[in-house]
Amino acid sequence: MTPTTFNPGKGAGSTVGIAILGYGTVGSQVLRLMVENADEFAHRTGGPLEVRGVAVSNKEKHVGTLADELGLLTDDARSLIKRDDVDLVVEVIGGIDYPRELVLSALRSGKSVVTANKALVAAHSAELAEAADQAGVDLYFEAAVAAAIPVVGPLRRSLAGDQVQSVAGIVNGTTNFILDAMDSTGASYDDMLAEATRLGYAEADPTADVEGYDAASKAAILASLAFHTRVTADDVHCEGITNITAHDIQAAKAAGYTIKLLAICDRLKDEAGHESIAARVHPTLVPRNHPLANVHKSFNAIFVEAEAAGRLMFYGNGAGGNPTASAVLGDIVGAGRNKVFGGRAPGESTYANLPIANFGDVPTRFHIDMTVVDIIGVLAELTKIFAAHGISLRTVRQEEGTEKNARLLVMTHEAKESDLAATVETLKDAPSVIKVNSVIRMVGE
Ligand code: HSE
């Protein structure tokens, strides 16, 4: 093409060759949308996008699919990546070890990578970023956090001029579905997990979702981006929702709260002005008038507070083939444009290198549910225990109990995790405490 007719803005730039690794729910939607909207994507990218191959572990399983009809299926991902006509590798396999090998191989071969793999990015961001930097290529992962919701790009680019103070999000649809259903029906965790499984929200093995591991990977990615500091999933304190009872939900409701599994990333400052960061995932009481309390069913939402921007909320579909494909395709266009026009997307930014706070030092508010002996003086005894650990009480409610027992529900002012943990240990041994039923953290005013 001569310089006079070359017009990459009209999609007439060089072709971007693409390898798709994985052909499950996401990979198949990515291919379908790329084929159906090829002209649009050529214009948006500056040159045509051409899929060179789709790597799967077993070609037989995909007979009759679009990838098969187009003659794209291969079971040799390693060779596909290395082809000279592949510029960009899209990883939608899932898991960690095998995709890690493939993604590193792609980056080291000078191919940009788009991945939807939160576990991979959260566990191995350092070596992936280093490989991308050394080869001068892009590593995009918008789909790794909350699928279709643009939050990685906004944190990486749009908020690069601001100081993010906190990120708090519902980043797991399965657990949000379960907790929301418990809240609206009053049913138990087990029953609503069964319902989530029946409706296809929960996987056959729901461990990664219900134990909070999936959300912890996303929290690590969000904290890294927000605070310009490398945070891995191992740095994230993680508790799941399996112990949340119908009574916890009902007690929260009675006090004007709902319970959500939140990923919370905070910038902290100690009395001497030293900054640190904390990332945690745990069930949390959220006031019913808080925007995150109104995120229902399997929707996700991420609430960001930044110094200059103030409060921002990102809301939408955080899972599923099409929503995830939307984010992957956005990244493909971004990485493709850089191949056509030159240049790179912003890479990993870890210059701030803030220390990860000791979890015991993280300040939080707590809701403590106890069954106590219903005798005169019990409240005085218990409030003394809180006071002895320097914890100030905000509210104390008593539920109707049996003739001899009462259920006490205590909300604290902000206290350190370590002080609260010590308080709970003392409470468990107190003569008037029959049982500490639950301790759940809280957010909001
Ligand atoms: N299993 C996740 C969820 C989606 O339930 O939100 C993929 O991260």
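Just so it is clear, glycine is given a Cβ too, placed from its N, Cα and C backbone atoms.
Summarising the annotation, TrEMBL assigns NADP(+) binding site to Leu21, Gly22, Tyr23, Gly24, Thr25, Val26, Gly27, Ser28. Feature annotation from TrEMBL assigns NADPH binding site to Lys118. The L-homoserine binding site annotation in TrEMBL covers Glu203. For Lys218, the entry in TrEMBL reads active site, proton donor. Residues or ranges marked as domain 'ACT' in TrEMBL: 367-441.
Across the domain 'ACT' (367-441), DSSP assigns 24 helix, 33 strand, 18 coil.
Taken residue by residue with DSSP, Gly24 (NADP(+) binding site) is part of neither helix nor strand, so it is coil. Of all Cβ atoms in the shown protein chains, 26 besides its own fall within 10 Å of the Cβ of Lys118 (NADPH binding site).
Sequence-distant contacts (6 or more apart, same chain, Cβ under 8 Å) of Lys218 (active site, proton donor) comprise Lys118, Ala122, Ala144, Val145, Ala146, Gly169, Val171, Asn172, Ala263. Listed in chain order, the residues near the NADP(+) site other than Leu21, Gly22, Tyr23, Gly24, Thr25, Val26, Gly27, Ser28 are Ile20, Gln29, Val30, Val54, Val92, Ile93, each with its Cβ within 8 Å of the site Cβ centroid. Between the C-alpha atoms of Val26 (NADP(+) binding site) and Glu203 (L-homoserine binding site), the distance comes to 16 Å. Listed in sequence order, the residues of the same chain lying 6 or more apart from Thr25 (NADP(+) binding site) and placing their CB within less than 8 Å of its CB are Gly320, Gly321, Thr324. Classification of Lys218 (active site, proton donor) by DSSP places it within a helix. Over the domain 'ACT' (367-441), the average per-residue pLDDT in this prediction is 94.
Neighbours of Gly27 (NADP(+) binding site), defined as other CB atoms within 10 A of its CB across all chains, total 26.
If you count neighbouring Cβ atoms within 10 Å for each of the binding-site residues Gly22, Gly24, the highest count belongs to Gly22. With respect to their backbone Cα atoms, Glu203 (L-homoserine binding site) and Gly24 (NADP(+) binding site) stand 14 Å from each other.
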